[in-house]
Structure formats: structure tokens, C-alpha cells
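Here's the structure, in C-alpha cells; my notes come after.
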Amino acid sequence: MSDQPGIAPERVGLDVERAAGTLRAGGLVAFPTETVYGLGADAENVDAVERVFAVKGRPSTHPLIVHLSGARQLPDWVAEVPDAARRVADRFWPGPVTLVLRRGRRVPRAVTGGLETVALRVPDHPVARALLTAFGGGVAAPSANRFGSVSPTAAAHVGDGLGADVDYVLDGGPCAVGVESTIVDLTGAPAILRPGGVTREDLERALGCSVPVRARSAVRVPGQHPSHYAPRARVVLVEPGQVIGHAEYLAAQGRRVGVLLPPEFAGGAGACAGQRVIAVPDSGARYARRLFEFLRDFDRHECEVVVASVPTPDGLGLAIADRLRRAAGSRSQTAATPGCSAVAERGDEVFEVGGAGCFDQDEIVGTKDST
């Protein structure tokens, strides 16, 4: 059993039946999925759903994803199941893809943000599947963190962000994918509304057609606020070859700097003496799995600013780039470093900062990741 800050130890564990009972009673349960931890409520209990919005500080116009135990439940929640939805569900469920379809009559408008569409998925995590099976219904769940902040990929992160507001936490260990699900609009021609754990390339192979990424969607979906997934530190995005130079520039100004060092420049880590440096994994899957952990690490070390670059938008790089851009926020400006153009910058907070150092991406948790 974990000891989470702000959560009594007796409210953290692996008692699936207790968690299901909490949902039936209108309570909130944080539970693991393969992507991130979710903050779950009975999707048909409007009072419980409204409490999710209140606890997170989430605008009520932002829809929630309804989690199901299996694809067989899909027809119960939608007006119709188009062929494209069946193909995606057959190929990727259980897994990190969410389908946006026309909502069925049983879906409360509190879940959909007042829209006529509903977002649904079947998670691929044994604890989540056990909970959904025991509960028997749909569980509406955004990520288990305050609105706009870094998503939780471990049970301890839930306690850090939500504390006593959660009635029970199912501790299923760290999340395997690490970024949220891909959201696909299938109410018309297929389109990606949020990149995530299933790649655009895989979706296109499954559907046999091009699946564009809708940059600014008229359909409101989770994770599309311009500033999202944000650490307390200000995030600055630059070109890969400018990361070290811009970090040095900020450090020379007396700033405590966190650096996400691109793998092709890992040999230059020595130039970042006195800064908190994490070498980015050269695998997209490993980077996605650890991205939010890395951002939390910079906050733990009280970095004022994080310098990073976005990966190429192929495979999981598309989802990683999306999360980094939203962590940086919507305000774009030019960095003060000569010859260095910032993509985006977020935040004004300044913090007193502790120690720094240079670390391999595996060293911050003390174990090597073999996959």
C-alpha cells in the first residue's frame, strides 16, 4: 500500500470491489490505465460527474471520456456504430484510442459538455479492466490531476495533485504508455482530435484512408486547452540544436534550468554544468512513457524554466510534440538568445531552486528500463 501525500493510507490500495462500491455510491475513484491515471465517476450519476469537474477545477464545457469494460458495451452509449468505429475498436481495443461518436440517449449532457457527441474507450490495464467489469457500467474519467497541470502516471502523483478530494485510489503501478489516448472523431470522415498512444500511421493502416490531425477542432475534446500538461516551471521550446545554447544563456542570467536534451546532442551534456539535465530516450515509446515523469522531476528540483525541443511528428513523436507545445502554452515569443528562436513559452513563476545535475533518463528513478 502506498503512502500518498494528502491521502489517508487506508484509502489507497488494490481493493477493486471497494472501488466499484465507491463508484456505485457516487464517490470518486482514481484508477490506473495504460495511459495515465484517471479520476473516475459513475457516468450516469450527474452529481458524481459534476463533482469530478469541481475537484479538478475543470470547465464544465470540457467533455469527459467514458471508459467501458469491453467493445460489446459500445452500442449502449451511442446513437449508431459506424463501420469505421467497429474497425478501430476491433484493432485497438482494449488500448489507448478514444472514439468520438454521436451520443446515445443514456449519456448525460454533463459528461459530454453539452455536445451531441460522446467520447468512449476501453482501457488496456488489468486493474482498470477489473474495476470496469466489477462496476458494470461506464466510468467517466479525465486524468486525475488539477486542470491544466501535468498528468499523473503513478498513484503518488494523484495524491500530490488531488489529495483528500479522492475517495479511493487504486494503485496499479506506473502507466505503460505515459501519454493520453488518441482521440479520433468518427462522426464523419475520420480525423484525429488529439494525438496519443495510438499513432496516426497505425490508424491509417486500420482504416485504409488518410486520417488528418485536426489542428483546431470545432469539437471540444479533452486535452485541447492551449495551455495544458504544464509543470510549474516555465517551458521554452527551441530547435534541437539550440537547446544547449539557450539553457546556457538562461543559466548565465542566474536562472535554475531544467534541460530535456535531445538524444543526438547527449554528448554535449557537459556544457550544462549546474543544470538539471535529462537525456531524452531515443525511443519514442520510452520518451512518451517518461515525459510527464520528467516534467515532474523538474518541478521537484524547483527549476524555474525547462528548455526542450519537439520531436519530429511521426509515430509517437506527434503525441509528444503536442504535449510539449501545450505545456509551453499559447503565448509565442522570440527568445533573447542571439540566433535562437523560441517556439513557445509559458508562465511567469519564479521559484527558489535546490540542487542540479546531469542525469541519464533512467537515473532519475534509479532503475533501468529494458524496453
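Heads up, residue numbers simply count up from 1 along the chain you see.
Backbone N, Cα and C define each Cβ position, glycine as well.
The model shown is predicted, which means the values in this text are computed figures rather than measured ones.
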TrEMBL L-threonine site partner of Thr35, His67, Ala141, Ser181, selected from Arg86, Arg87, Arg121: Arg121
Same ATP site per TrEMBL - residue from Ser149, Ser151 joining Arg58, Thr117, Ser143, Arg194, Tyr229: Ser151
Reduced DSSP assignment, Thr117 (ATP binding site): strand
Greatest C-beta neighbour count within 10 angstroms, which of the binding-site residues Thr117, Ser181: Ser181
Chain-mates of Thr35, His67, Arg121, Ala141, Ser181 with C-beta within 8 Å of site centroid, L-threonine: Thr33, Gly38, Ile65, Pro96, Thr98, Pro123, Glu180
Of Arg58, Arg194 (the binding-site residues), the residue whose Cβ has the fewest other Cβ atoms within 10 Å: Arg58
Residue pair Ser181 (L-threonine binding site), Thr117 (ATP binding site) - Cα distance, angstrom, rounded: 17
Candidate binding-site residues Thr35, His67, Arg121, pick with smallest Cα gap to Ser143 (ATP binding site): Thr35
